[in-house]
Amino acid sequence: VSCLCGSAPCLLCGCCPSAKNSTVSRLLFTFFLFLGTLVSIIMIIPGVEKELHKLPGFCEGSGSVLGVQTHVDCGSFLGHKAVYRMGFAMAAFFFLFALLMVCVRSSKDPRAAVQNGFWFFKFLVLVGITVGAFYIPDGAFTSVWFYFGVVGSFLFILIQLVLLIDFAHSWSQLWLRNADESHAKGWYAALCIVTFIFYATSIAGIVLLYVYYTKPEGCTEAKVLISINLILCLTVSVVSILPKVQEAQPHSGLLQASLITLYTVYVTWSALANVPVQACNPTLLVRNSTSSAMDSQPLTTWWDAPSIVGLVIFIFCTFFISVRSSDHPQVNKLMLTEESAAGAGGEAGVESGPHRAYDNEQDGVCYNYTFFHLCLLLASLYIMMTLTNWYRPDETLQVLTSPWTAVWVKICSSWAGLLLYFWTLVAPLVLPDRDFS
């Protein structure tokens, strides 16, 4: 009990090697997010979804569908509704801690003890918020919360791209440094092979998008969106190897551009999977809430390929947020974190004995507590939209449909991401007096 109510150092309990207090706390908060995600996945499984109507007050027998009195069975929407409630609970939990941790400068602040300890009580708070979320009156909650999810997901997609850019830069620099130190050409060969694989996968993805999401007649929107993103990816790839860009940023190269291209192809695929036109979208899911439709076909499983890939990327990026400490000052400024040496002054307080976490934030925090919780808030909104495929009930409340809003939000996020990467390439040329090391 003392471990659960105490600080992060005690939570290792001899099972893990010594670690920084700041890293352990971030991992535990991320564990809460993953736990909520797991619960959401379980709730949207058709077999479990059919049992949700047994929850008191969750699906009234009067035929209430998302708060509107109709003559349809709300049972077909319960998984969608449960994921929205779980997403709201996680977002409220992280928003609460984002407010509590405003302007915490070091572990000497009393609020830092709340950030790094009292995990049992935090778990109780999350459970309490979750239970309360399932009793929120429907009304316009789902339609309003959908737009909160759209905005939050847009911002988290951009954060994912920033993390991927940082990861690609670190990856490229590591292999180039190993090649210089060992004088082995194998590192260069590995760099070329990985870059080729990324570009080959991207080209294959573009071809498949043209084959499955366009038609010789019609589907003009899909053709235009795929073509625009293809041109933009070619542009940033060419710019990344221009002599002036290479002179300003020697570590910039095709590895980063290939990874960004592959991610852009994925976002394009995810956007096209939400096009609400059956002829142009073979993966379009339609769940009709009428009894005749429910009798003739089983409940739709909300797992398609874009959702699965999105879940994998979400897990990678969220975990990366929890453990990252970038070598790039500009990325650290953007993500409100410090370099790996930051907070090292606190290491003098390392607790005795093996398998303990030590306080490395006595002289200053290694990451912005509030910004970290806001990132997890956006992550909870993103996974909420991913698990529900960005679908919402149509105007008649008879069918869960995919709106054009989801398509344009994802496409615009891909454009914003490419623009951001393009800026990282040309910024040293446009602003030569600033330090972009």
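Each Cβ is built from the backbone N, Cα and C atoms, and glycine gets one as well.
What TrEMBL lists as transmembrane segment is 27-48, 82-104, 116-136, 142-165, 186-212, 224-242, 254-272, 305-323, 366-387, 407-431.
At the 8 Å Cβ threshold, with sequence separation of at least 6, the transmembrane segment (142-165) comes into contact with the transmembrane segment (407-431) through 3 or more pairs. Non-local neighbours of the transmembrane segment (407-431) in the same chain are 150, 153-154, 157-158, 161-162, 165, 221, 225, 229, 232-233, 235-236, 239-240, 244-245, 248-249, 252, 256-257, 260, 263-264, 267-268, 270-272, 274-275; each lies 6+ residues outside the stretch with a CB under 8 Å from one of its CB atoms. When Cβ-Cβ distances below 8 Å are used as the criterion, the transmembrane segment (254-272) is approached by residues 157, 160-161, 164-165, 167-169, 171-172, 191, 194-195, 198-199, 201-202, 205-206, 209, 213, 222, 225-226, 229, 232-233, 236-237, 240-241, 280-281, 306, 309-310, 313, 406-408, 410-411, 413-414, 417-418, 421 of the same chain, each at least six residues removed from its ends.
Taking every recorded stretch in 27-48, 116-136, 224-242 and counting its Cβ pairs under 8 Å to the transmembrane segment (305-323), the highest total belongs to 27-48.
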